[in-house]
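Heads up, the thing below is written out as structure tokens.
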Amino acid sequence: MVPKLFTSQICLLLLLGLLAVEGSLHVKPPQFTWAQWFETQHINMTSQQCTNAMQVINNYQRRCKNQNTFLLTTFANVVNVCGNPNMTCPSNKTRKNCHHSGSQVPLIHCNLTTPSPQNISNCRYAQTPANMFYIVACDNRDQRRDPPQYPVVPVHLDRII
């Protein structure tokens with residue numbers, strides 16, 4: 001009985017550790033609203049090269065993000081997608097606040113090729129350009145910190161297809 005109890009406690013601790021790691025990957029820096037963080041991660045590609053553009057995101061998160069997709073469109077265009085019909089989010093079936101882009105957009109997908117946990121400025125990325133549809137989750141804007149011209153804003157890039 002004791003070995004089973006001990007083993008199950010270890011499994012529970014490992015599972016909780018994995019959940020904590022997974023949950024930490026979806027944390028935004030405190031100075032951003034969810035919409036601002038979406039724009040930083042997925043619209044504002046500060047360089048045409050993934051390695052340089054990802055340094056901005058990695059510096060906020062203090063880690064090398066495994067992958068990221070930049071939509072080569074405007075924030076306003078993505079806000080317009082929030083007006084498309086609601087659908088269940090593919091990555092989280094309990095969320096019903098997703099919207100399909102309806103048309104393909106150019107994008108660049110960045111994939112970590114050289115991790116560097118000790119020095120995030122040494123992380124290197126490969127990039128893949130494409131034209132794809134996307135699904136975005138939208139929520140009401142942060143009343144205190146988001147601009148009032150957009151009552152509903154994108155907060156999560158759920159999927160590219």
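Just so you know, glycine gets a Cβ as well, placed from its N, Cα and C.
Not measured: the values here are computed from a predicted model.
Recorded disulfide link (Swiss-Prot): CYS110 to CYS50, out of the candidates CYS11, CYS50. For CYS123, the disulfide partner named by Swiss-Prot among CYS11, CYS64 is CYS64. The disulfide entry in Swiss-Prot for CYS82 points, among CYS98, CYS138, to CYS138. Here CYS98 is paired by Swiss-Prot through a disulfide bond, and of CYS11, CYS89 its partner is CYS89. Cα-Cα distance from ASN86 (N-linked glycosylation site) to ASN66 (substrate binding site): 29 Å (rounded to the nearest whole number). Counting only same-chain residues at least 6 apart in sequence, those with a Cβ under 8 Å from the Cβ of ASN66 (substrate binding site) are ASN111, LEU112. Of all the recorded positions listed here (TRP34, GLN67, CYS89), TRP34 has the Cα closest to the Cα of HIS156 (active site, proton donor).
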